[in-house]
Amino acid sequence: MSPTMSSISDSLENIHLSSKIYDRESSIEKEVADSKTKEEKTQWKSIYIGGLLAFSSNVQFSIYFATIWPFLQVLDPHVTEEFFGFVIGSYSISNIIFSPIFGWWSNRIKCIKIPLYIGISCQLIGNFLYFTLDKLPCWQKEFMLISRLITGVGWSCVSLLRSYAATASTNKDRSRAVSIISGGLAFGITIGPSLNLLFVNLGYPGFRIIRNIYFNIYNMPSFLAVIANACSLLAVKFAFKEKYVGIHNSETGDKGNSNSNLPKYDKVAVSIAFISRFVQMFIVSNLSTISPIITMMMFNFTKKQTVTAIAYAQGFLGFSAFVVYFLFIFIDIGKYGKFRRNIMIGFGFLIIFHLIVYPYSLIYKNSPKVSQYNSSTLTNISSSTELTGCDISKFDWCDNLPIINPYLYFITYSLCIGIAFPVVNAAMNTLFSRMLGSRRQGTMQGWLQTCGGVGTLTAPIISAFMYQNFGPKIIFIYQIVLGCIVILLWVIYHHRMVPLKVNNNDEKMNVQKQ
């Protein structure tokens, strides 16, 4: 063969070989790209399960709101409003302590399932203790406080679910994913009290099961909660698959704490988010605390009527919240959202509620005043005694307090809080996760929940004191002031309440399966 022909043949072989190598490289690149696309899909199944777990946890927080005060009066007819405030607040003491601990722990072990097991188990133990309260021979109201403390430890783990939604979803799905968890939390806290309608007809002491064990209006919520806890443990074990797609590649190193490629988050913006969550939960917890007291004092409702009225109001509130979350989850309006604007609108609705139901002296000048009684002159007070109206032996402010129309109070409550709570939750949780960026968020989400826990702790204690000494008017006033302060902060720092800005070169994400 001539040199020329040999050269041509070698060239053709080289071209063919290069073509094969190029095709192989292209095939490998395509497989890697397809694999990456497949891996970086949002983990919807686990996020929906997380939403159900969040719903279950917050139902157990709120289902007791309507019944704790009447139940305390059954356990101890001489119980005070201050002790009631401590019982409500005790739930949040555990939350304040353990939320950041659970968050730090989950970041440390790069897993949320084990903390979830611990948290849900604490909920189960606390709820079972609550179920046995009226069977205890002594210290019944004190054990109620202990049961709420233990259950509060379990509630601390819900911050892990928010963190998981933020880091198990792609950036474009972040709003919807966080809204699913936020929706479960908000829908649970709003719909919980309405579930008492299922048990109202049981009354007290209720329906006998065996020997001295009864199902009644006060212990059935805890029995239902125990069943929910057992189902939650099974769901975490068999259905919840922990997988992440929203963690920056610098977060998945061996040490798990490298943030060198991520810019620092804005501490001022994060602090304002903390303050906003505190005020939000402070106001909502306040309303949950004083509503049963106001209902019996101002509207002269009996214990059963109080539970029923609040349950119906919470049911309509839950429906309002459901509509809002339906739009966020299934229509995904969050991707069009102006999160800062929505948060201010939500707090605006909280203020509007208080402005509408405030008992203005001029407007209600000719309206009937609250009925009064003197408990110091009453004898033979027992657990079955129905004391309604304003106790002049305890309160100096009973005179000239006008009666608000109960329909106005409960309808306004259902509409305004039913819109405000889910709007603020969905917008703030989504924006907060974006403020932090694509890093593990367990600790920071834990601190966010701690701020909410401080609100739910201090609200009933402060409100009980203010109610005891000054009546409901002052409570409405300082809640209006708090709402206005939050809106003012968001207006002043509007330009800083934005997602974390990351260079395009740093947007590579790494999948980590636990």
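For all residues, glycine too, the Cβ spot is worked out from N, Cα and C.
Straight from TrEMBL, the features:
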- 46-498: domain 'Major facilitator superfamily (MFS) profile' (DOMAIN)
- 47-71: transmembrane segment (TRANSMEM)
- 83-102: transmembrane segment (TRANSMEM)
- 114-133: transmembrane segment (TRANSMEM)
- 145-165: transmembrane segment (TRANSMEM)
- 177-200: transmembrane segment (TRANSMEM)
- 220-240: transmembrane segment (TRANSMEM)
- 278-299: transmembrane segment (TRANSMEM)
- 311-331: transmembrane segment (TRANSMEM)
- 343-363: transmembrane segment (TRANSMEM)
- 407-427: transmembrane segment (TRANSMEM)
- 447-468: transmembrane segment (TRANSMEM)
- 474-493: transmembrane segment (TRANSMEM)
Whether the transmembrane segment (83-102) meets the transmembrane segment (177-200): three or more C-beta pairs under 8 angstroms:
no
Same chain only, please: residues at least 6 beyond the ends of the transmembrane segment (177-200) with a C-beta under 8 Å from a C-beta of the stretch. Say none if there are none.
42, 44, 47-48, 50-67, 158, 161-162, 164-166, 168-169, 215-217, 220-221, 224, 284, 288, 304, 307-308, 310-315, 317-318, 321-322, 325, 328-329, 334, 417-418, 421-422, 425-426, 429-430, 433
Where among 114-133, 145-165, 220-240, 278-299, 343-363 do we find the most Cβ pairs under 8 Å to the transmembrane segment (447-468)?
278-299
Out of 114-133, 145-165, 343-363, 407-427, 474-493, what stretch is closest in contact terms to the transmembrane segment (220-240), meaning most Cβ pairs under 8 angstroms?
114-133
For the transmembrane segment (145-165), name the stretch out of 114-133, 311-331, 407-427 with the most CB-CB pairs under 8 Å.
114-133
Remote residues contacting the transmembrane segment (311-331) - C-beta distance under 8 A, at least 6 residues beyond either end:
62, 65-66, 175-176, 179-180, 182-183, 186-187, 190-197, 200, 291, 410-411, 413-415, 417-419, 421-423, 426
